[in-house]
Amino acid sequence: KTTNTFASVNDDEKPREECGVVGIYGDPEASRLCSLALHALQHRGQEGAGIVAVHDNLFHQVNGVGLVSDVFNEAKLSELPGSCAIGHVRYSTAGHSKLVNVQPFVAGYRFGSVAVAHNGNFVNYRSLRAKLEDNGSIFNTTSDTEVVLHLIATSKHRPFLLRVVDACENLKGAYSLVFLTEDKLVAVRDFGFRPLVMGRRKNGAVVFASETCALDLIDATYEREVNPGEVVVVDHTGIQSLCLVTHQEPKQCIFEHIYFALPNSVVFGRSVYESRRKFGEILATESPVECDVVIAVPDSGVVAALGYAAKAGVPFQQGLIRSHHVGRTFIEPSQKIRDFGVKLKLFPVRGVLEGKRVVVVDDSIVRGTTSSKIVRLIKEAGAKEVHMRIACPPIVASCYYGVDTPSKEELISNRMDVEEIRKFIGSDSLAFLPLDTLKSLLEDDAPNYCYACFSGKYPVQPENLNPTASMSLTGTMFQWQFETY
């Protein structure tokens, strides 16, 4: 077993995004464009990458462990002919990190073949898998995504789209899915937990991606989101929109705006950059402190720190420099090495920090151990005072919708109040963005977001969770609405 030690020593505090998906229909360079789009989504998963393309009704596949640049080169891309392709970058939330679990997955069934790439997590995966295995299904991976293929294969319907609908009726949790058949590209979204957008290139090629930054990189114009509860079908006849659930109430992951998405993306119809800037501004308004300089924990705290500094009228400076060159070093972890982790990733700028009252803006605190190391690092560089400002509310509950978070017991905000956390990390003051304030910033969109990690109230009931600690959504009957455009 190998472990990405250096990636974990700094980023172990952060919830890890689950995956990123791409789908392209109608471009002769589909696989190459797909690989470029996956580069733009690399932040959503670094454990593996894969692309499946279709040419003359034959599926061609290249999957590998590691970064997109590790998996794909010109020789590999030449093995992926065709004008239609789907791609995936993986961070495992259900299933182990090994090649067999790297998506997209491809399977044959009675009426053809299908490939799938999934961003999210099925909360009823275990019970679905057990039921399928009882009925004779044989699984090749430990990924929750494989159940979708089995559900499609065992559906009693013949048309592929009806098989997809049949499968979705059994799924609970978070899923943004792209499917590829011999002649169709299909995108499906659930309650809207995870983002999925649609764009178009100048030659008419249709593109789906987890974030708009992927569209930007391949010169595709953003058109709209795939709506919660929607299936979008692309084939030689054009584009059809199929509504699975009428008036589906979205439950969008707020952490996309706090941490996961790139700042240059538009997610859930909002600029991620503007969201983070406003989070920083409101922190400066609601939790001011006398200071000489504002710095960020790079990279995810930068935009919020800019907002804080602008509102407070205090200079923003780079007090911490992040190294991007040690994260792919694989060695067996040891505590001695872990103790050097933050120093390997973050280098303090003594000239910025020495003798100063420093505000440090970060996007979140999870376990608290990395925050304590950062505070110590800044004080060792000569800072007079260190004031931590966190651009999200305290995280008190785990996520079951495709984000890798620690258990509830490991979350420091579930065990300590703010003052206890301040003492634990060693800062001179500590303040979080209040949940009510966060909701007020979202205005009319506030009811459309999931705040389970801040409240413990789950919009879709996870398996093996105390029902009294969550809310359930009922009414999963699928209805059809057709719109052609």
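Glycine residues also receive a Cβ, built from the backbone N, Cα and C atoms like all the rest.
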Quick one: which of Cys253, Cys291, Cys392 does Swiss-Prot put in the [4Fe-4S] cluster site with Cys399, Cys450, Cys453?
Cys253
Report the candidate from Ser300, Ser413, Ser427 that shares the Mg(2+) site with Asp362, Asp363, as recorded in Swiss-Prot.
Ser300
Here's one to test understanding: among the recorded positions Cys19, Ser300, Asp362, Asp363, whose C-alpha is closest in space to the C-alpha of Cys453 ([4Fe-4S] cluster binding site)?
Asp363
On the three-state reduction of DSSP, what should I expect for Cys450 ([4Fe-4S] cluster binding site)?
strand
Cβ within 8 Å of the [4Fe-4S] cluster site centroid (Cys253, Cys399, Cys450, Cys453 excluded): which residues?
Phe193, Ile254, Phe255, Tyr401, Val403, Tyr451, Ala452
Can you tell me how far the Cα of Asp363 (Mg(2+) binding site) sits from the Cα of Cys19 (active site, nucleophile), in Å?
20
